[in-house]
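In what follows, a structure is listed as structure tokens, so that the remarks can point back to it.
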Amino acid sequence: MVKMSIQLNEFQKKALQSFLMSDKNLLITAPTGTGKSFLAMLMAMETKSRVVYTVPLRALALQLNDDFHNKVAPLVNGYADSVALTSEVYEEDPENLEERVIFTTYEKADAIFRRHYPWTDRIETLIIDEIHNIGDKERGKAIENLIAYAMNEGIRIVAMSATIPDVNKIAEIIDAEIIKTDERPIPLYKAVKIGNKLYFEDGDVIELKEDFIKKMVRKNKVVMIFTSTRKKAEELYMIYDRKFQNKVAFFHAGLDAETKLRLLEETRQGKYNIIVSTTALSQGVNFPFYAVVFDDLKLPIIEYGRFTGWKQITPIEFDQICGRAGRPGYDEEGLCIIEATDIRQAEKLKRTYFNTSYGTITGHHVLEDFLLALISKYIYAKPDRIMEATKHTISFRNISEELVKEKLEELKNAKLIGEDGTGYFVTLYGRAVAESYFDVKDAITYHDVLTKNNVKEEEIINAILENENVLNASKGENVNIIFNSWIKGVDEKTIVKATKNMTLNDLNKLVQTLSWQTYGVYRITKALGKKELADKLRLLFLEIRYGVPASALALVQLPGIGRKRAIELMRNGIHNKTELCSQKEISKKIIGEKMVKVLCK
């Protein structure tokens, strides 16, 4: 056992002992602030073979990897042999990964398992942080896949969350010992605020002598103000920034990972007292908040990138956000406040969000997607192994063998899998779909377009632009206009300025989604044996990935050039390294004499 220079709390001691003294799977349920992530990293440190630590966000994977190196390893006199894998789901990863501990997202881990890298055979432990996301319509699918893979292969599972509904059901699915505590090392007090009075969940009432936010700034505390949308977050930021200059920041999904990590570090250093945020901060990112104030309890419903209405925050979502308050090492207590207009509303809010149960958990997986992922993972699978895997899911644990056979037959008819009489195997086409992380529904749509007689490239592009994932990433903007502007090399800021709601990070996410879909379609086309068409799609993928026309691709891939300079060189008649070096005077004006010397030596 590693030697530690810190004292563990009783909950951590019990959980670590269970991990070390047995090989059981563990389901750990404990409030935010009890040190679950630190505990899981200690477990990773104690595991001799490979560990995959999965989380909901890339930013969180990067943060945990950083903490593993800079905080956990020094405390236990250990070596942080780890890496964060945060590339896109469709992108390849190293065939021979050296690091022992991998921090990544659920989806990336799922994609990795499908690709049969040699190093995945040595995975001993799978850590699933924020396991409550198994009930999420989008995130839950990957978690269910990961659990099925792990249970089928004897990989140990450690699952954790502060807000687990149906604890016993999840424990049964992963065959886990439950380790539970309700005690927070830092007490969290919940209250409803009406005017200048705080009505606490235990019945106490406190009258505030000054504005609450003003008091927090004066006492140098950090407050998170939760609101429903980015636009509202930025509006509240402007209001508070006028009152408390340079002490306010906003945080939402439109910010890139680097900016999010910078805000976290600057807040820890005391630069900000007020962070206005959307639900982007509900998933484990460890800001030092003393208080969380709910400006709103609604969330927007977005379908195909467009706003369609509102929904109330669920008790799980509320507690995930509320639990950000009161962090060990920063405060001795935490405070969570909901704004209300009158006593009647306050009592209703208390009943809904204070001391409430989380209800039941429902799976949202699609059976044919699960089956294709499973068969692709194993390359070949017999019916009994497939049925055994369904027992370890929320979505299919009680499914009939007849329905599974029916869906397997549909996958066969779609030529995604084949059968040899005793089991099922994945076809080249099916493997291309699974490794591209495509839904079966989308794959069939693309297949129908690709196999048309004399299909034109424009038809394939239209199918990509009409894909649900692309539309969801578009924020309701005109995808055709953005797509054409991007591959022609139009400046990013110019593209964003022409939209209603996009940020630069939104544009980046849309480009990533377009790249993912295009590369996947290229993979499928190649698997179908359509080489000429595949070559065209490979070129289209590169145009989207780099944001330049084909005539500038040779330039943009040169070290140090980048998109903006490649476009400028192209507009000056330079299209490749040979032309760049033969027209040095023009090149020097655009990329500088030093870079010309480096590239042309």
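Sequential numbering from 1, following the chain as shown.
Any Cβ shown, glycine's included, is placed from N, Cα and C.
These numbers come from a predicted model, not from an experiment.
Taken from Swiss-Prot, the feature domain 'Helicase ATP-binding' covers 17-182.
Under the heading ATP binding site, Swiss-Prot lists Ala30, Pro31, Thr32, Gly33, Thr34, Gly35, Lys36, Ser37. For Ser37 (ATP binding site), other Cβ atoms within 10 Å of its Cβ number 21.
For 129-132, the entry in Swiss-Prot reads motif 'DEAH box'. Long-range contacts of the motif 'DEAH box' (129-132) within its own chain (CB-CB distance under 8 A, at least 6 residues past either end) are made by residues 27, 36-37, 40, 53-56, 60, 143, 159-161, 163-165, 170, 283-284, 316, 320, 358, 361.
Positions annotated as domain 'Helicase C-terminal' by Swiss-Prot: 208-375. Averaged over the domain 'Helicase C-terminal' (208-375), the predicted model reaches a pLDDT of 86.
Figure note: comparing Cβ neighbours within 10 Å for the binding-site residues Pro31, Gly33, Gly35, the maximum is reached by Gly33. Taken residue by residue with DSSP, Gly35 (ATP binding site) is part of neither helix nor strand, so it is coil. Cβ proximity to the ATP site centre (mean Cβ of Ala30, Pro31, Thr32, Gly33, Thr34, Gly35, Lys36, Ser37, cutoff 8 Å) flags the following additional same-chain residues: Ala162, Arg184.
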